[in-house]
Amino acid sequence: MSQPTASRAKRIGALLFCPACGTLLDLPRDDQDEIECSQCGRKEPAASYENLPTKTYSSANAFPSALKAKRALVQNTVEEGEAAKDRDPIANERCDNCGHIGMSYKEMQLRSADEGSTIFYKCLNCGHQTSTNN
Ligand SMILES: [Zn+2]
Ligand SMILES: [Zn+2]
């Protein structure tokens with residue numbers, strides 16, 4: 001037998017279940033600090049409900065908007081990440097293949113740190129690639 005005081009309600013999503021008999025527990029009212037199981041009478045501390053999304057239902061529509069904001073944030077992060085991949089900085093370098101001015105470049109440290117880095121250019125017009133050592 002587990003200690004009744006040590007065990008806490010089982011949590012599935014936003015629902016809590018009595019750890020003793022598995023009955024779905026009611027949400028605590030604001031003035032309750034424990035919830036009694038309707039089946040076995042076991043008392044569950046209301047603290048178990050902290051951090052449940054349902055808890056915010058009482059405060060206007062905080063939950064749906066917070067979730068929406070979170071989703072938007074995730075989407076923005078993904079979009080920014082993908083865009084950044086395709087958008088290397090552009091240098092005013094002249095392509096020695098087609099003469100186009102404007103090459104994207106990447107600086108890479110290929111050798112040891114005290115030896116400087118190599119810059120790779122890629123022509124935005126013809127795709128010709130060249131590199132130069134710093
Ligand atoms: Zn119970
Ligand atoms: Zn070119």
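Each Cβ is built from the backbone N, Cα and C atoms, and glycine gets one as well.
According to TrEMBL, the features are:
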- Cys18, Cys21, Cys37, Cys40: Zn(2+) 1 binding site (BINDING)
- Cys95, Cys98, Cys123, Cys126: Zn(2+) 2 binding site (BINDING)
- 91-131: domain 'TFIIS-type' (DOMAIN)
- 18-40: zinc finger (ZN_FING)
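Here the features listed in TrEMBL are placed on the structure.
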| residue | record | Cβ within 10 Å |
| --- | --- | --- |
| Cys18 | Zn(2+) 1 binding site | 22 |
| Cys21 | Zn(2+) 1 binding site | 12 |
| Cys37 | Zn(2+) 1 binding site | 20 |
| Cys40 | Zn(2+) 1 binding site | 11 |
| Cys95 | Zn(2+) 2 binding site | 20 |
| Cys98 | Zn(2+) 2 binding site | 11 |
| Cys123 | Zn(2+) 2 binding site | 21 |
| Cys126 | Zn(2+) 2 binding site | 12 |
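Put simply, Cys18 (Zn(2+) 1 binding site) is 66 Å from Cys123 (Zn(2+) 2 binding site) when counted between their Cα atoms.
The closest partner of Cys98 (Zn(2+) 2 binding site) among the binding-site residues, by CA position, is Cys18; the full candidate set was Cys18, Cys21, Cys40. Excluding Cys95, Cys98, Cys123, Cys126, which define the Zn(2+) 2 site, the same chain contributes Asn97, Gly99, His100, Met103, Leu124, Asn125, Gly127, His128 within 8 Å (Cβ to the Cβ centroid), listed in sequence order. The record gives Cys18, Cys21, Cys37, Cys40 for Zn(2+) 1. Within 8 Å of the mean position of their Cβ atoms, the other Cβ atoms in that chain belong to Pro19, Ala20, Gly22, Thr23, Leu25, Ser38, Gln39, Gly41, Arg42. With respect to Cys126 (Zn(2+) 2 binding site), the closest of these binding-site residues in Cα terms is Cys18, chosen from Cys18, Cys21, Cys37, Cys40.
Cys95 (Zn(2+) 2 binding site) and Cys18 (Zn(2+) 1 binding site) are 71 Å apart (CA-CA, integer value). Only Cys123, Cys126, of the binding-site residues Cys37, Cys123, Cys126, place a Cβ under 6 Å from an atom of ligand 2. Annotation note: Cys18 (Zn(2+) 1 binding site) sits in a coil segment as assigned by DSSP. Among the binding-site residues Cys18, Cys21, Cys37, Cys40, Cys123, residues whose Cβ is positioned under 6 Å from ligand 1 are identified as Cys18, Cys21, Cys37, Cys40.
When the Cα atoms are compared, Cys40 (Zn(2+) 1 binding site) and Cys95 (Zn(2+) 2 binding site) turn out to be 80 Å apart.
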